[in-house]
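Chemist: Got these off TrEMBL a minute ago, pasting:
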DOMAIN    43-330  domain 'Sugar phosphate transporter'
TRANSMEM  43-64  transmembrane segment
TRANSMEM  76-97  transmembrane segment
TRANSMEM  109-126  transmembrane segment
TRANSMEM  132-156  transmembrane segment
TRANSMEM  168-187  transmembrane segment
TRANSMEM  193-215  transmembrane segment
TRANSMEM  227-247  transmembrane segment
TRANSMEM  259-281  transmembrane segment
TRANSMEM  288-308  transmembrane segment
TRANSMEM  314-333  transmembrane segment
TRANSMEM  361-379  transmembrane segment
Amino acid sequence: MSDVKVRSSVDAARDPALPVLPTINPNVEKAHPQPEPASFHPAVYIATWITLSSSVIVFNKWILHTAKFEFPIFLTTWHLVFATIMTQFLARFTTILDSRKKVPMTGRVYLRAIVPIGIFFSLSLICGNQAYLYLSVAFIQMLKATTPVAVLIATWSLGVAPPNMKTLGNVSFIVIGVIIASMGEIQFVMTGFLYQCGGIVFEAVRLVMVQRILSSAEFKMDPLVSLYYYAPACALMNGLVCLFTEFSSLGMEDIYRVGTLTLLANALVAFLLNVSVVFLIGKTSSLVLTLSGVLKDILLVFASMFLFGDPVTLLQAFGYGIALAGLIFYKLGAEKLREYFGQGGMMWAEFGQTRPAARKLVIFGLVLVSMFMILVGLAPRLAPESTDKLKAIGTMIGVE
């Protein structure tokens, strides 16, 4: 009772006009700061990455094929030299690469880890750019859908993970879809096909080596820090290859014909793509990056049809659809797909209840777009003399 009386007397003596002291220790909040909200909506980062990724591919295709600058190894070397300069600049004058200080990089580690990975990275870039001299952008994107399969096989071959027949069955749909798409390719060139397959294999081995050597806690790096370490070694290796292959036939008139500003813009877009990957993963997740890649590949196929007049048959579209479905199933799994489909169905039903007219308009627009794409796919076979009209859009913007 005495305790209660003391508390009551103290409470009664407190002047209500005086400020009340905080009951939470402010140091605790400082010790556990809340994460800063994203500066932009995640859709902005997704759209930026898709735009830059698509621009690099279309830009490279235009330089190597349309502009007749048939020096893919030199172009790759130029990209890597530019990336080396830019990453060194960012490391010295910004904080975007400060995470590199947490990587215990020594000369021995660099030779053991970075150089071998850089060799495969360099080979994948060389083969990938060589393929643009022979194949259409649309067909190259279809072949790239097999990259997860190549990574899976490389993982088993290098002993990173034991073979799993269930996983192999899941990715078999990707292979089947790409085989069907290849059978429907009109402009099939075996040389370009082999170059692209080589690029996929080298890229798969590189990714597995990164997973095995650099994915530990002490060597964990984001893509931009990886580029900071890889670019100098890759630029040196590509430069040596270029010296013995393309340098003798490359003249300043070839560079002037394409334009130094064009090459500078091409390298800048390629570098900004690596920067956008860091922001996309940091503001969203690697899963969003994967799904955005699927959307980007579909858009690139359509862009290739319109800008370069690349024919895409219905058989190709059917096979590519199977490959993309298999890719999404492999990345997400059956449970996640059911969850997302359930959420999507609920949102679609709610959208129909709140805005029925808008939903009907969306359905009508999708039907029109689907019919238009089917007609575009049939055009090369049913009306080959009219396909030149599809290139009018590309000619208007300077793409022949």
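Heads up, the Cβ atoms here are built off N, Cα and C, so glycines get one too.
Help me picture where these features are in the structure shown.
Modeler: Distant neighbours of the transmembrane segment (43-64): 70-72, 75, 129, 132-133, 137, 140-141, 258, 262-263, 265-266, 269-270, 272-273, 276-277, 279-280, 283-284, 288-289, 292-293, 295-296, 299-300, 303-304, 307-308, 399; these residues of the same chain sit at least 6 beyond its ends, with a Cβ under 8 Å from one of its Cβ atoms.
When Cβ-Cβ distances below 8 Å are used as the criterion, the transmembrane segment (76-97) is approached by residues 122, 125-126, 129, 224-225, 227-228, 231-232, 234-235, 238-239, 242, 263-264, 266-268, 270-271, 274-275, 278 of the same chain, each at least six residues removed from its ends.
For the transmembrane segment (109-126), the list of distant contacts is 72-73, 76, 79-80, 198-200, 202-203, 205-206, 209-210, 213-214, 219, 229-230, 233-234, 237-238, 241: same-chain residues at least six beyond its ends, Cβ to Cβ under 8 Å.
When Cβ-Cβ distances below 8 Å are used as the criterion, the transmembrane segment (168-187) is approached by residues 135-136, 139, 142-143, 145-146, 148-149, 152, 193, 310-311, 313-327, 329-330, 380 of the same chain, each at least six residues removed from its ends.
Beyond the transmembrane segment (227-247), the same-chain residues lying 6 or more positions past its ends with a Cβ under 8 Å from any Cβ of the stretch are 71, 73-74, 76-77, 80-81, 83-84, 87-88, 91, 97, 100, 105, 110, 114-115, 117-119, 121-122, 125-126, 221, 274.
Within the chain, the transmembrane segment (259-281) has long-range Cβ neighbours (under 8 A, six or more residues past its boundaries) at 45-46, 48-49, 52-53, 55-56, 59-60, 63, 67, 75, 78-79, 82-83, 86, 96, 222-224, 227, 288-289, 292.
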Chemist: Go through the chain and flag residues at least 6 beyond the ends of the transmembrane segment (132-156) whose CB is under 8 A from any CB in it; none is fine as an answer.
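Modeler: Contacts with the transmembrane segment (132-156): 57-58, 60-61, 64-65, 70, 72, 162-163, 167-168, 171, 174-175, 177-178, 181-182, 185, 187-189, 191-193, 195-197, 200-201, 203-205, 207-208, 211, 297, 300-301, 303-305, 308, 310, 312, 316, 319-320, 323-324, 327, 330-331.
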